[in-house]
Amino acid sequence: MAQIHEGDAAELHARMHDEAATANDDHKRSLDMTGGSLPVAEKGDLQDVDIQVGETEEGEEPNEYEKKTLRRIGDKFPKKAYLVALVELCERFTYYGCQGLFQNYINNNPDGTDGTPGLGLGHAGATGLNVFFQFFCYITPILGAIVADQYIGRYKAILLFAGIYWVGLIILWTTALPMAIQDGSSLGGYIAAIIIIGFGTGGIKSNIAPLIVDQYDRRVMAVTTLKETGERVILDPAITFQRIYMMFYACINIGCLSLLATPFMEKYCGFWTAFLMCWLMFCVAVGVLIFCKNRYVVRPPQGSVITDSFKALGLMIANFNTDAPKPSWRSANGKTKIVPWNDHFIDELKRALRACKVFCFYPIFWVCYGQFSSNFVSQAAQMQGHGMPNDLMQNFDPISIIVFIPILDKLVYPALRKARVELKPIARITIGFCLAGLCLAYAAIVQHIIYSAGPCYKNPLDCPAGTAADGKALPNHVHIAVQTPAYVFIGLAEIFISVTGLEYAYTKAPTSMKSFIQSLYLFTSAIGSALNEALVPATGDPDIMWMYTGIACASVIVAAIFWLTFHHYDAQEEEMNKLDAHDSFLAKPGDEEKDTAQRTVSTS
């Protein structure tokens, strides 16, 4: 009997030993797949797998094992991309240098009793017109995209709309001259100018962002060896696109620093001098566009591609099937009518529809963002500036972006990737929503601090105790610097959500519709501006504090819903980006005719 028990015990011990060994092997495999570190004794296992799989040659696409084990990095920026970024820098210098003054220009009385003479429409009128301008500037990109993708191409479209922009700027600064303000003709000139400028900047917006990434021609991953360390890594186009757009956004915000100069020019010389300087800077942008023409990679227009896309969408809806427009599906289901696209185009279109679903959540962010150039300016005017113009505070937004982009690009993101943590688009956008909510929550706190201070408490700039001997209104006893963190929070939010939006619009759009999908992304800002327009009645004192609170809560709630709805897209990101491997159409400077012929062959 004892021998039987001893035999059973030995058998049980052996079985437990085998199970433990199996579990240990499974654990090792799990570590291998997630890129975790292995003990020295186990490195042989990794080498054995390498031998079985085989190392990919330098410059070739990595195999599945290498994708899971090698570190991913971005490629070098093409020099041509910096030329495009310079054009955008000059255009944004112009746009923000002007738009940042519009709140005061529209609000201030023509007699100069409350600052530099302006149009005298008051706070509500200033906010309303300012929001309309922002709204209009984000509708017009759709027109610019159609002109580019379907008719004349991105480069020529940018030149065309730059000419329109140029005319609008001339009207703006000439009608802001002191004699025009005194004659009462400035309001008509201002309205005409912002409509013309809106067409110009919109046409540039939808085309400049795709143009900069067009300068980079890699569309698939490649294995390379770092010369400094000998480490084998993967050049990942997705990371390169992310880095290019971060550089692009940094240039946008360097341009925004025009607001360091224009408020002082407004205060001491008049609005017209600031508008004139912005026009001169825009002339530099036009010069770079014209004289560097032969350096750019330019993709020719693709004819009726946008019309074809809507036809394909109609077939999807009519058949309740997103594969219905595919020639292969039509052939299998007895549809004999020939369609002017291939299966790959429909796959790209379906991917673009996913991006559009993501963009549906963006308007709430633009509501948050729209506060910094309108209501935050008015909030700053309610505090003691100590010699600093109230509209100068806006500069802390671009400054924070310029400071934090290199930190994220050079330190934070590489460190996360080295730790096998990849912040993919949906995760970054979610973080952006949370930061935007934090910004508005802080703005509500600042507004409460203002209302708690004299002399006018809940009626800043509007009480007998707050009127100086010369008739000018006195602000409440709160230092203007208290507002600074709000601009830092919104700047960080932009890096996570706005930069990612530009990247997502480009990487998820069909090759021939990059500008159009970009314009749909920009259109979400127009919706945000429309929502801001609806909130104008709540921008008075003391209701504005509760408006800030409501927007903050809405942004955080949207962040949660957004993550729950789309977090699985991050897991599918690499699979979606593989569609671009079929994009053999990589234009070279001066090769437009040759490229058109290649595209015709590839789609026939």
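Any Cβ shown, glycine's included, is placed from N, Cα and C.
Given the structure is predicted, the values throughout are model-derived calculations rather than measurements.
According to TrEMBL:
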REGION    1-48  region 'Disordered'
COMPBIAS  1-31  compositional bias 'Basic and acidic residues'
TRANSMEM  131-152  transmembrane segment
TRANSMEM  159-181  transmembrane segment
TRANSMEM  187-213  transmembrane segment
TRANSMEM  244-265  transmembrane segment
TRANSMEM  271-292  transmembrane segment
TRANSMEM  359-378  transmembrane segment
TRANSMEM  398-416  transmembrane segment
TRANSMEM  428-451  transmembrane segment
TRANSMEM  486-507  transmembrane segment
TRANSMEM  519-538  transmembrane segment
TRANSMEM  544-566  transmembrane segment
Annotated stretches the transmembrane segment (159-181) and the transmembrane segment (271-292) touching (3 or more Cβ pairs under 8 Å): yes
Among 428-451, 486-507, 519-538, 544-566, stretch most in contact with the transmembrane segment (398-416) (C-beta, under 8 angstroms): 486-507
Intrachain residues whose Cβ lies under 8 Å of the transmembrane segment (359-378), provided they are six or more past its termini: 99-100, 103-104, 107, 123, 126-127, 130-131, 134, 390-391, 393-394, 397, 429, 432-433, 436-437, 439-440, 443, 483, 486-487, 490, 493-494, 497-498, 501, 504-505, 520-521, 524-525, 527-529, 531-532, 535, 539, 544, 548, 551-552, 554-555, 558, 561-562
Region pair the transmembrane segment (187-213) / the transmembrane segment (271-292), three or more CB pairs under 8 Å: no
Distant-in-sequence neighbours of the transmembrane segment (428-451), which means Cβ under 8 A and at least six residues beyond its ends: 358, 361, 364-365, 368-369, 371, 376, 379, 382-383, 457-458, 460, 476, 478, 482-483, 485-486, 489-490, 492-498, 500-501, 504, 541-542, 544-546, 548-549, 551-556, 558-559, 562-563, 567
